[in-house]
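Visitor: Quick one: structure below, then a few questions.
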Amino acid sequence: MTTRTAASTSPNDTPIVSMDMITKTFPGVKALDQVKLDLYPGQVTALVGENGAGKSTTVKILTGIYVPDGGTIRINGDAIAFASPNEAAAAGITAIHQETVLFDELSVAENIYIGHAPRTRFGLIDKAAMHRAATKLLDDIGAPFSAHTPLRDLGIANKHLVAIARALSVDARVVIMDEPTAALSHKEIEELYALVETLKSQGKAILFISHKFDEIFRIADRYTVFRDGAFVGDGKIADISEGDLVKMMVGRSVDQIFPTRSHDVGEEVLKIVGYDHPTEFADINFTLNRGEILGFYGLVGAGRSEFMQALFGITKPAKGVCRINGDIKVIRSPADAVGNGIVYVPEDRGKQGAIIGLPIFQNITLPSLGKTSRNGFLKLAEEFKLAREYSQRLDLRAASLDQDVGNLSGGNQQKVVIAKWLATLPQVIILDEPTKGIDIGSKAAVHEFMAELAAQGLSVIMVSSEIPEVIGMSDRVIVMRDGRIAAELAGDDLTPETLVRHAAGISTPTKGAAA
Amino acid sequence: MTRFIPLREAILAGAIFALLMMIATRFAGFVAPSNLANVFNDTAPLIILALGQMVVILTRCIDLSVAANLALTGMAVAMINVAMPGLPIPVILAIAITLGAIMGAINGILVWKLAIPPIVVTLGTMTIFRGIIFLISDGKWVNAHEMSPAFTGFARTVLLGLPVLSWIAILTVVIFGIMMARTPFGRSIFAVGGNPHAAVYTGINVGKTQFWAFVVSGALAGLTGYLWVARYAVAYVDIAGGFELEVVAACVIGGISIAGGIGSVGGAVLGALFLGVVKNALPVVNISPFWQLAISGSAILIAVAFNARSGRTKGRIILKSAETAQ
């Protein structure tokens, strides 16, 4: 690994921003312990670390939301302390968040210039100047919409463009991108990469946070690794292998190895015939067998989640037949679905999250209250018994089941949520993007767990956009495109190329032409 | 909810006790058991209504129509009593509860099926209910001499040292304590308010739960309507005017989170008792009743500020060692 020499005179070797010995303590917890992070002009630095490594805290310190307890931040060599987000913005540091923080009811131009709009002589907002400047910014980044468009009419990818335009409008020198591709489709990600190149050529320093290694190795020039709130190492991407970076990140060697599963797929459990929805999906037919993991792959917006919600009774399909164990079942509500042994763990973490304010055991028994009550009254003893059984099965770490679920760590909260579903003794479990946004170590645990569930005779539907996961975990894969089933793949047909081809609607195998 | 003495309730109980001690230094008679029983009886309607309001607020809604519901039901049963003096009290009670529940159901349907924000719905029905009282009564009062002795006497009948009104409040507290802690309905109330999205995926119908919360609140308002009219032996358009705000205040002081999902029966009762003590004590210790508003208002702000502090997140646990150590 090459080391930088402090005496180097090349402009690209002198960081714009240099964080050193930064420490941040929350009551009882050290979130960051003497970490360092350097950002160089015209280069992309990837900040790598598992969930909880302290990446978000670092971003919040850089953008002035948190004040560090110790350490120094230097900008072009001058020590600086941000007392507020405004000061960080004034220093040219801007962040584009995972969920863009913009205003739906304002126009694109207003969003770009909110807080620093050009003024007329009388102190009023100079709308004409603002629209002119916004139009120029949008042209520079190749945005396919006008400055007058109301923000609510734009998709997530285009909202990102607005956020980037906003970053450019304040003449940012440092752009922080926190998992910018998490919600984007393949084509949109390519456009984002192109934009990152543009920003680099303009000499901006970019801090790029991502869990996706292909992304990091594709666009980053440098890396910095944090683990458990501490600095592990940094250097140039060209000097490190993917495997070594993973090792630094987790402190142990983790291969993307999926659990081996003895194939004991049983009889048909679920049969869907002719599910149609007026606007979201059409002509969905498939079967699911006992102990099978059925993958649903597709680009974002292919209608996978929309179909799953209809299957679960949240939205109603216009027509279609659902057979469970051969019998026709009408599912009009989530309660019907749960009653028929179908449970759904949705994609959105906030939505699938535990119910804060209820203690652990009440969270676990919530969908099973029928089982734990007699004559309409809940039996606490029965509730504790059920909760204890499933929390032990999932190795839930908590002082007491009576404890408020809000006091648990994120990982343990997730266990509570899964325990809740298993306690209903489901036949079919739908997991929507089960490993989205979680670190590699936790991913392996989730995969292990899915394999275990299938081995116990549970049928799993896994909606996933990650190709290795889809291929590694599924017995069969259904590829959706534009609300329809584009292909059903298994065995030798199940390759990254065939998945991408069917999902993108390319008839001949052309590698990397998904756009 | 399952802890024996939650901290928040203990602090509020302590505040009420301290308040009583302060009053006792200036007027010892206030803390005599018989007077405390009077204060409790006086606060009984507030306690009953606060319990209904608690259920509604827990589901992330609010019911501003409770006082108007109370007044309309009170007027209706008073007029029924005038028309049919022989109607037995249990029938009157059943009518009052049913009428109130119907009005609550109207609120609930509008919130559930039309998805109108609860504050708008109940602000509307509040005005409508008051208007209906005027229509059915022609703006006239129903006075004590027009009501049957059984009708007015029921709430004041003393059983085991306490008036029936007090006993009904106690019974309501017991029923709600059991309902919130030990029934699937009570549990779903907390779930809907705590995380409505997660509740949907759990198979709980959020709108329907909110509907039933309004029905419960309405039924209690109806019950209180009869008790109120019977106790004061008069019914007119404006009875309990503005009382809905006192009910909401009792809940907020009692630590029911206006954002839903957090609160307890004990908190609602203590919040109501706090307001009841303040209201009854001020005239006794020669403080102008105008101070009562200021004190209630301050109590609300202190309670909300206190709850916001205690509810503040403690920061995420990030270090692995800290997580295993806890």
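Don't overthink the numbers, they just go from 1 along the chain as shown.
A Cβ is built for glycine as well, from the same backbone N, Cα and C atoms used for every other residue.
Model, not experiment: these values are computed from the prediction.
Pulled the feature table from TrEMBL, pasting it below:
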TRANSMEM  B:44-66  transmembrane segment
TRANSMEM  B:87-110  transmembrane segment
TRANSMEM  B:116-136  transmembrane segment
TRANSMEM  B:157-181  transmembrane segment
TRANSMEM  B:211-235  transmembrane segment
TRANSMEM  B:247-278  transmembrane segment
TRANSMEM  B:290-308  transmembrane segment
Visitor: Taking the transmembrane segment (B:247-278) as the reference, which of B:44-66, B:157-181, B:211-235 gives the largest number of Cβ pairs under 8 angstroms?
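Guide: Answer, by Cβ pair count: B:44-66.
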Visitor: Compare B:44-66, B:116-136, B:211-235, B:290-308 by their Cβ pairs under 8 Å to the transmembrane segment (B:157-181) and return the stretch that comes out on top.
Guide: B:44-66
Visitor: Select the range from B:44-66, B:116-136, B:211-235, B:290-308 that forms the most Cβ-Cβ pairs under 8 Å with the transmembrane segment (B:87-110).
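Guide: Between the candidates B:44-66, B:116-136, B:211-235, B:290-308, the best contact partner of the transmembrane segment (B:87-110) is B:211-235.
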Visitor: Using Cβ distances below 8 Å and needing 3 or more such pairs, separated by at least 6 in sequence, tell me whether the transmembrane segment (B:44-66) contacts the transmembrane segment (B:211-235).
Guide: yes
Visitor: Are there residues at least 6 beyond the ends of the transmembrane segment (B:116-136) whose Cβ is under 8 Å from a Cβ of it, and what are they?
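Guide: Residues 56, 61-65, 67-69, 71-72, 75-76, 79, 103, 106-107, 110, 210, 237-238, 244 contact the transmembrane segment (B:116-136) from elsewhere in the chain.
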Visitor: Sort out the residues at least 6 away from either end of the transmembrane segment (B:211-235), same chain, that have Cβ-Cβ distances under 8 Å to it, and list them.
Guide: 44-45, 48-49, 51-53, 55-56, 58-59, 61, 63, 65-67, 69-79, 92-93, 96-105, 107-109, 111-112, 137, 141-144, 147, 151-156, 165, 168, 172, 185, 189
